[in-house]
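Peer 1: Structure below; questions to follow.
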Amino acid sequence: MVDQKSENNPNDELNLDDVPMDAAQARDATEALAAEQEAGEIEQIAADDSTASGVWNRLLAGNRRFAEGKAEHPRQDPVSREALVDEQHPSTAVLSCADSRVAPEIVFDAGLGEMFVTRTAGPMIDDAVLATLELAITQLGVKLLVVMGHENCAAIAEACEELDALVESTESESGQHADAFMDDLDGIIAASKSTILREVGMSIWQARMAELTTNEEYEQVHIARLIEELVTRSEVIRKALADERLMIVGARYRVSSGLVEVLSF
């Protein structure tokens, strides 16, 4: 389902084709911005917060500045802070990993009051995360929801280790090769006492079933599953998408380069 390199289809079950997430718009905006900046034709894109695509363009421009060492640190002065005392009007909600290297406000060179950020290891989704994102949509009117993983994710690595250990222990206890209980492994993972294994390990398992083998692919599949879970579990998000009040973008932050890549589904 992830088409970031237009090569692999991580999992046929991750069918988001009917969800109007405008992933193509997000990808086109990213590619156009990168081409213009590479050609030296653009220094800064004018902000257009009236549309989700305009908001995303502005965030991408901020990310390019950050990656190139040209961060402007906008709206972080006392005047901006004081203007936000009584109210906030963020344009973007972000669900991202709690990793100390992946702070969305810094990565996107954003200012105070711009981003409504929820961070968990992985990231992962629970009722508190859902309620937080729904509040951002219903009460704050965000237009854009960015679900962002990242390169070299410790939660992905931990889930890989736990999944391998689970398969090994199940083989030992059953006296059978893993091939014999493949169909039951989804349930075994879902019943695990480990939150990391239940929430992140399932993504890795589905990726492996699709013959994907690298952590980069696992990270991409995990973001796809998170978006599917958000849409499946939240009526608020489904309605906002159907009413075209919200755009969801899947993204992956490259720690090595500082750049955010867009994942399309």
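Positions of Cβ are set from backbone N, Cα and C atoms, glycine also.
Relevant sequence annotations retrieved from TrEMBL are reproduced here:
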REGION    1-45  region 'Disordered'
COMPBIAS  31-45  compositional bias 'Low complexity'
REGION    68-87  region 'Disordered'
BINDING   C97, D99, H150, C153  Zn(2+) binding site
Peer 1: Could you find out if DSSP has C97 (Zn(2+) binding site) as helix, strand or coil?
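Peer 2: SS state of C97 (Zn(2+) binding site) = strand.
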Peer 1: I'd like the Cβ neighbour count for C153 (Zn(2+) binding site), meaning other Cβ atoms within 10 Å of its Cβ, all protein chains included.
Peer 2: 25
Peer 1: Using the recorded Zn(2+) site (C97, D99, H150, C153) as reference, state which further residues of the same chain have their Cβ within 8 Å of the centre of those residues' Cβ atoms, listed in sequence order.
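Peer 2: After dropping the recorded site residues, what remains is S96, A98, R101, V102, A121, G122, P123, G149, E151, N152, A154, A155, I156, Y253, V255.
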Peer 1: List, in sequence order, the same-chain residues at least six positions removed whose CB sits under 8 Å from that of C97 (Zn(2+) binding site)?
Peer 2: R119, T120, A121, G122, P123, M148, G149, H150, C153, A155
Peer 1: Could you tally the C-beta atoms, other than its own, that fall within 10 angstroms of the C-beta of H150 (Zn(2+) binding site)?
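Peer 2: Taking all protein chains shown, H150 (Zn(2+) binding site) has 23 Cβ neighbours within 10 Å.
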Peer 1: Which ones in the same chain are close to D99 (Zn(2+) binding site), with CB under 8 Å and 6+ residues apart in sequence?
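Peer 2: The answer is A121, H150, C153, A154.
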Peer 1: Work out the three-state DSSP category of H150 (Zn(2+) binding site).
Peer 2: strand
